[in-house]
Amino acid sequence: MAEKSYYIITHGCQMNVHDSETIAGILESMGFVPSPEEKTADLIIINTCSVRETAENKVFTKIGELKKLKRENPDLVIGVGGCIPQQEKVAKRLLERFPHLDFIFGTHNLPELPKILERVFEKHERVLEVWQSEGQIVEGIPVKREPGVRAWVTIMYGCNNFCTYCIVPYVRGRERSRKKEDILQEIRQLVAEGYREVTLLGQNVNSYGKDLKGKPMFAELLADIEKIDGLWRVRFTTSHPRDLTDDVIEVMASSRKICEHLHLPVQAGSNKILKAMHRGYTREYYLNLVEKIRAKIPKVSFTTDIIVGFPGETEEDFEQTLDLVRKVRYDSAFTFVYNKRTGTPAAEMKDQVPEEVKSRRIQELIELQNGISLELNKNEEGNIHEILVEGKSKTDETKLAGRTRTNKLVVFNGNEDLVGKLVKVKITEGKLFHLEGVLV
């Protein structure tokens, strides 16, 4: 195949971002080169998200927009991957609705991408290749990461929880853990390449190892990662509150490398709604867990996910969510208005909340959380933090940016030769979404 260029469009979560790094690695191992923009590419791949129907609609819009490029360049090859094709009806609808699409593949058969592209480019076939069941985890697939000091490492795939609002178990499959040694070897290689921080990825990292021989648990994996020389920081996401065990908390508390930050999605503060969501814990359990973690790790910061307007949510239920937010005092929160997700049990539930009520509630929640976030950031003024310098600030290229161990973004003046180093920064101003500081 003559040298061709590629362009990847990524929608969705960090798992998708990492999948796009894998797609890029596969393409470059085949001789493709990255294109700076989609209009100059020979191959465009859209890596899709299906967690919400609004995300799907964005993808459909984008595919439609690419029709013009295909008219201008009939040799352009367009493919769709990710979570959307894992829904069989949607995948077939894509091919019918968008005749300019050349191929579709799913999350489970990413390793088959070279064969799919050979069929498209060499045999000029139109390909729909989506495995509905999970295959074995394939190791050794090349990954093309952006240069930097932080890297994402997938430790497991899929989810067994089947929360009633969530499509993920249906499109990502059941939980499958990577072998511990494969994960450790990948991290050692990343350190050799100059990365100094890794974030471990999984839909529920606390379930890691339950499907493996010998059942090496998440705490054991963390303890072994801690021993890797040259690695400075470790983070992980996402943690399901029900599965966050005491041994993980103990490893975090005793670690020099695991950062004092937990993303602990609560989703709702009402026991009635938590039960309807099939979350597997109560409000009281969650608050006790937070208290237990803070007792062991006093400087820990918490972030969360919250859904507003779930079917059956009353004003009393919503007030319980607000009360929980006041009690926990999250550093930040990802807040979402509930929207029906076709294919999930919640979409069929009665007592759907009116849109105007959901809009009012989400604004009330955002105002409460923003007030807490700003207050916590203001409390940092005068404190000195160790910052891993990541690069130039995205909002002010004259400044550098990095993160505290508690995952707060800090912007400060400094020379570019500090990128990739640990520095001490005194916080001068706490703002809503970041901190300002000076080198000390």
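Just so you know, glycine gets a Cβ as well, placed from its N, Cα and C.
Residues or ranges marked as domain 'MTTase N-terminal' by Swiss-Prot on the basis of sequence analysis: 4-122. Positions annotated as [4Fe-4S] cluster 1 binding site by Swiss-Prot, on the basis of sequence analysis: CYS13, CYS49, CYS83. According to Swiss-Prot, the domain 'Radical SAM core' annotation covers 145-375, on the basis of sequence analysis. The [4Fe-4S] cluster 2 binding site feature in Swiss-Prot is assigned to CYS159, CYS163, CYS166. The domain 'TRAM' annotation in Swiss-Prot covers 378-440 and is backed by sequence analysis.
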Number of Cβ atoms other than its own within 10 Å, given for CYS163 ([4Fe-4S] cluster 2 binding site): 22
Cα-to-Cα gap, CYS49 ([4Fe-4S] cluster 1 binding site) vs CYS166 ([4Fe-4S] cluster 2 binding site), nearest whole Å: 12
Rounded Cα-Cα span from CYS13 ([4Fe-4S] cluster 1 binding site) to CYS166 ([4Fe-4S] cluster 2 binding site), Å: 14
Sparsest-packed among the binding-site residues, when each Cβ's other Cβ atoms within 10 Å are tallied, from CYS13, CYS49, CYS159, CYS166: CYS13
Tally of DSSP helical, extended and coil residues in the domain 'MTTase N-terminal' (4-122): 64 helix, 23 strand, 32 coil
Between CYS163 ([4Fe-4S] cluster 2 binding site) and CYS13 ([4Fe-4S] cluster 1 binding site): CA-CA distance (Å): 17
Around the Cβ of CYS83 ([4Fe-4S] cluster 1 binding site), the count of other Cβ atoms that are within 10 Å: 28
